[in-house]
């Protein structure tokens, strides 16, 4: 049976106090010492089964935010315990039932066997008694009547960091235990039984109580018919009735008499009765226990009479009711009486007859041999159980649980258990619906939300709906403008930690690499995408087709956005500030940011925008009935950075993929919980955050498709971050509330469940380019360069800092000298953790993560070379391998020679005698005819070509949009092989403009240049990608495909791109002067289908050639007639000479004809060389030269290898330049900066770029200049490629992107920077002066440039240390950055590992050979041995490195004391304690110390910064110890207690002085002048000042001298008008504290403690001795002699 009352109870436990509302209504009992508050209405609806009416006795309880965060609420309820009825809160509690009576509800239960019924009654009685005791304890605790053993002593609350009851000061291990305990003091009306009006402390106890009243017994015994309400009752039943089955309550009890064991305590007691009965049945004769008396009597009375009359002793009877034994003393009787107890502790002499008392004793534990001291408080004990109980309760918030495998520590044991699973790799919790596994059940509960469709959290600003509350809280940061995460390398800011982590990868290298093809990337999802697309063994991801056209995509969201933008256009977005319209919400957001200056998070801008937004703009259009919106909606996984209503145009991904920004990389594997610093733990669902609300949404009436994980290909690759003004870098996808369009219930899933990976706003090229008059100029001021402070010339480093660095180095080296002197002992010990060794190099570390990072990025030996799949050549960079495959691979050169690709049109070329290409025509078969390659481009594809300047000498081609010409001028369309004509221009004529077209007649461009139109013929645009027509290459950027077909297309080039290699595939037509035409790489282009024709202006001297035969002519009409008549090659198959009408049936005859009749076409280099390379055009006369050529050029042999790494090359000078990186020898330094180079060419390029800044190459379209031709090529491809839609308003330059225009404006038209307020540039009028040479500069930028060029600062590039001269810098580099030098040769290395490797390879065997040749007794035996293995060597550095591989380390032990350390510097600093050496001196005062850390600590005295602030009174100090000491004045805590007396103090030094002066009799410090002895050195120094007439403390104002520093500080106040001390009882102020104390005693005699009436102004600065003391005082008092130990 079920009870509706139980079903109506809330599901969540009351222990979740964070989920409660900030205000509660509780009914307190009548109190005698508290007032009655008025009624307060609660804003929270009650969910209790019996609503309690508001009565006059209600008490308001408020919630306060905890320290963990503003979202966590901690409720402190201040009332006392009591049992009340809902109707009458002022009534007394209900009368309790007598112990013998039972409640009516209990009698209604099912009768049980006698033993079970009695056992359950005992349980109920125990519960009643426990409840009565708890209530009584609560009342007693409220009145302060008693204190438990584990309670905190009043006044020491701040010492313990735990869960403490505010009423009775009791501590608990868990917060839930405290919350449950608080219900004793403050009864919860929701935990009151509606039948008996009894209060309980938890819902589980209330539920058990209700089940017991109803008689529902859910726990059944599997072996009998017994059933119980509680599980514990069933356990007790199993232990008592079924002994054979092991149970929690099953235990063994031994008989103290015969040691027989029993499982039941009752059986033991019955057994003990048998011993007593046996003793009573057969009583033994009583013998006198007095010495020398042999009296014995069976009669008890006679024996007692004998003792009394004979010995005068009264016998003591055993206290047991049935034991007849008699004893002489009470102690002997008590010792015997314990044998009647059933339970005896095996560890001590404790015995009892109560089983629960015996169990309680065992739980308390027993003291051990070792004293256990608490590390957080003075508690100490020998009992490990008491110690664990103390730490667990009193310091529950401390990190007391330590991982034995690593340094992880936590305050919660469950967290440690979960952490331990990291080391074992176990994931015990598995999802029942998928393969997801996790380590903690909380992770599994969060994961289960991925399988549900309920989204209970919705943003009130924009309608964003999600399943996780944490996602909503992170999402609300967008609306609040909380961009809390900022990149430390640029100005990027975002609101999510995972976005920042993804962004930081832009500043890093490519650390991830594919193991199959060496593909490198930065992000893990990129590698997964690559593996899935390139090496996935299964079927590829499915393609989602468009319902209206042939568009397909693997991303379903891209298809939906495509349909909306291209076909349906159901959702259109309008800008309220202009006429801009788009079908993509992200594009609208990007428009607002660029056109109207919207900054994400600017709420004022959003309000202004909302005021101008027309009504109804927030509502989306209603889809027509014939559309198909329902089957296109799918639930997508959402993220915190998601924005609703986002529709992404797929054309943006197709045409402008480089504009896409970074994506979310914070997905968990199998889970959607976000990663990051602040996304680590999801709060409980009961938490309520400001700015959000919790909604319980009903199920929608729309059937959605199943939720599927997006494929890996859905993640787009991150493009480089574009140049944006400061302040515009916002979070991904951030948009204001006015940008969202909540489409209603029917489409809310689409708007709320957009893929977070596609929500990033991207820019869309404007279809209407702005005119010059409309071009905005406001962005020019955005990029004004203000002179930063750090670019100013930095002052040289002070001498003290350089001295400190030198002393630190000396301290590290001095440790070896201390070992040799015998003052320090060095031993090798086995480390705690094992060492990790790299198998490919000598690298050793103790951290596994460091080894993994080294293996991925730093290991030179592990870096697997990139191998060519054809010839096996190895490369270190992907760039070198790509260049090798494109141009240099001999295998590919042989394969591609004479074997054109079937998809590229390669017309037959004329054969020149004596060339390699002439062999291709020996077969006599004509090559395949050319095929047209249509360029499938959309109408909006950005394929405009760059404009050329007007000064070009060549005539420009004009593209005409005229209709189709007459039939007579058009070519027949039914013969596609006969309508492509290639006019061949003469060599050397180049036209930088677009290749003209007229009647599909394409002139062949000259050598060395390829026109943009020719590039269009070589690629096509299909489904968002640019495809090369000559090879399988495809890409997303127009500039990439243009560069590919112009430079790197392997299929178009055929056999080679090397110098001297004959081109076999291009169409070569010899001209009249004997020159050859340049190669032609692409196929011809057909008409786009609209009938447009291109007018061609024929170049002078150009020839037209037939693409299917060698025919060529100078007139177009002759070529057209030739095509109409037909090529003879197609009919007869004869070969034609391209220079004359000669035809031949075979290729050999044609070659013989060309050699005899046209000798000018043959190579004009004299006689034919003897040897010719079969793979290239190289010729030579000697076989050795040819063999060397083939080894270097075609076989990939690199004979010159670096001895320090895997670098190899074919040139010796490259090896020498490379080796200078390792040795530092032969580096060529720059005379103007600290950089060095291996070759003079790199140095010259560096001087051109950095120092001279004299460019050598210039862009013909704008003002850009560079130092290499590649710079200009890259600039043209990126800034002038496509439509020049952005024109400069101040000059004639035009660009294809706004970013290029901004960069041009900064270069060519910079505005003078406005100086910051208060800067020197603003305060000083006129030009700026150089501080070194006095040069006048008009602007700070020019001054910085002048300083950088004329007065360069010599700075080390590795450590940024400045030097006055070039020689000092060179010496610094040799000593510091090549500090590891070989003692036997001139070798030097930057790292210690390199020197170790050098010793092993060069000098270990040599040293052994020299030792063997000396003829010593131990010849050949190395002097150094490894203590862990048989390794031997002769160099200490090698031995240390080897020992580190065993996990061992060197330990330095002081021979004067027990101090030991692993650090060489620390042992040096420690040794100075015994020697008194103090090399570190303060450069501002006479202070000196032994180690630099003390000096750094001392230097705070000379700084005014006080970063430690007291939260109580505002007191500021420089050291944290001062703040801790000051805080004890507010808390009254004195944690330092003398172990020998009751002395307590709040300072450790005061306790040390107390112990030395009060509890030490030895006076080791003696005065040499008077013979008086002292216990501390401080007292001796103070005493020595009495013998000295010197007064070292002199006032710097009046030159008055003082003997004590305090006297000078007090005197200094007389020279000021400050009165820091004041009376708290009146307005009296004084300069000294004793004056105020004297005033209080005189004028306020009623004040018990005069010191309590003294106050100090916290704003008054502290008087420091060095501020008021004269710089050259008299010499100080003589130092105390070292006559004893240090005090």
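Using N, Cα and C of the backbone, Cβ positions are placed for all residues, glycine too.
Of all ranges given (819-857, 858-896, 897-935), Swiss-Prot attaches the label region 'Disordered' to 897-935.
Within the set 1018-1041, 1354-1377, the record from Swiss-Prot flags 1354-1377 under the feature zinc finger. Within the list 393, 977, 1242, the entry that Swiss-Prot describes as SUMO2 cross-link is 1242. When 8, 154, 611 are compared in Swiss-Prot, the phosphoserine annotation sits on 154. Checking 355, 594, 1516 against Swiss-Prot for the annotation SUMO2 cross-link singles out 594. In sequence order, 888, 890, 1173, 1175, 1176, 1178 are the residues of the chain that are 6 or more apart from residue 1193 (SUMO2 cross-link) and have a CB within less than 8 Å of its CB.
The average pLDDT computed for the zinc finger (219-242) is 83.
Cα separation, residue 1591 (SUMO2 cross-link) to residue 594 (SUMO2 cross-link), rounded: 73 Å. Within 10 Å of the Cβ of residue 1591 (SUMO2 cross-link) there are 17 other Cβ atoms, across all protein chains. Here the CA atom of residue 594 (SUMO2 cross-link) lies 41 Å from the CA atom of residue 1242 (SUMO2 cross-link). Residue counts of the zinc finger (219-242) by helix, strand and coil are 11 helix, 4 strand, 9 coil (DSSP-based). Sorting each residue of the zinc finger (1257-1280) by its DSSP state yields 11 helix, 4 strand, 9 coil.
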